Amino acid sequence: LVLFSLVSAAFAVCPAGYQQINGGDCFKLYTTQQTFDSAEALCVQDQGHLASVHSAQEQTALTAIMGATTPLIGMKCTDAVPGHCTWADGTAVDYSNFPGGGPILAYGSCVHLSTNDQSWYSWNCAAPIAGFVCRIPFNPPPATTCPAGYSAYKGGCAALKTVAKNQADAEANCVLDGGHLASIQSEAENTFYQGLGTAAGLTNNIFIGLAWNTAANGYKWTDGTVYNPNLYNKFANQFPNTVFGECVQMMLSTEFGTLGQWTNIPCSTQMAYVCWKPSGDTPVKAPAQCPGIQFFYDQGTVYSPNFPASIPAGQSCEYILVTAVGTRVSVNFPTFSTDAATSLALYNGLDDATPFTRLSGTVPTPQTSYASTDNVMKMIFTSSGNPNGQGWQADFVTTGGDVVDPVTTPPFDPTSGCPQQQYTADTFVYSPNWPEPYPPMADCLYYISSKNNKKMSIEFGYLDTEQCCDFVVVYDGPNNKSPILATVSGQSTPTVTKYYSTGTTLALEFFSDSNNGGMGWVATVYNL
């Protein structure tokens, strides 16, 4: 009867599986084998920690739910003085029950309970033990509200993203959700993110937020957190080593070490990744800085930089909306809010120098549609030095006409697997198989002529190729024997470089090696 009164069945106030003890906090016995760090990671998922014990009454009540187990609790010790030990939940050490008065570090710096004599015994933190006890506050803070696909973790929200992306695109996707690629500062955190991958059945590796930063001459987390390898790192033997790549992956296989260890990987590699975002942040739909010219096809939604949080100052962004040949682009703005000096100009086609409309302030009738005269609409957004408003959302669709030939699927030469070879300026040129990833061992030539004997400019609005081995070579002349104007590879950068012909012709040649590459590239050629 005494023990029953100490263990209250207050399930209405404790999460499922937890029991309230002595009218205080909620406790749960897990019976799986875990090390200290992996057990603590599981307790943190429950919004608690490995249990602290603060009185003989709590000790007695815990014995009633332990059964025959000898579970870990949340204590770690650095010497034989109990008062120098620490609890995982940060509470004060005001009670202990070691036989002999203190821990015996020869057996380890962690602690487990015993059902035989209710005493505490030292244990090797790295050795698994069958059982551990978690403790969560009786009145925990309100549960963190996380968006779909995210789960509450460390006061914010964490997610595993299984759609493979290169590191830059993975970070951009995390930023759109209001966070960054995950930074990891402890073994418990590493175990948590490893667990997300293994629970999803992944056997390949995942990007984390660590990467070599040439300007800083060191590794940096993408969220700005300081990387200090002396405080925590999980690199496998012989790593870090930028010979293997400048980005960092967590291994969910044993290719170069053990599960959960880190190795280098090329940033262009496509793989799953983990994000973490603080709670309460407004997720933004677009990066704060324009990533160069952006292309959108057929139908979809386009956002101003940093929408809907705020408009960044001094931006000049170009968006190209493309529908099938023979149709037109129709766009409307469900949300539009800027200051008078910030504007969005809409143009017919690529080379139109005068916009057919310019929008700023607010759009009086959000249902109003603005249509181009052909299948290409260019939008240029310019923000003031001191902008106001949340920006804009543009929804565009295909309207009018008959579909003649989808712009996004250029005709192929069936003998070579390459797109068509002949082009005239004011056009797009694509990598083979666009918008799908380009094939290995490609060797494609493109010949471009200007209109009216004018010169041309060419720029790569989208670029994702293997940095080392897959290249686009731009020749200033009619063929691949002409002088080289540029050699392009890697990933898109915020600043797009334009290259100019000295005559009326350009040639492009694209090479790829035998390895899997990236998504490809899109070049825009303008008549000057």
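Cβ coordinates are placed from backbone N, Cα and C, and glycine is handled just like the others.
Curation plays no part in TrEMBL annotations; they are all automatic predictions.
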Scan CYS275, CYS290 and flag the one TrEMBL records as disulfide-linked to CYS317. CYS290
Stretch among 22-125, 153-276, 418-528 sharing the most Cβ pairs under 8 Å with the domain 'CUB' (290-399): 418-528
Starting from the Cβ of CYS317 (disulfide bond), draw a 10 Å sphere and report how many other Cβ atoms land inside it. 20
Cβ packing number for CYS290 (disulfide bond), 10 Å threshold: 21
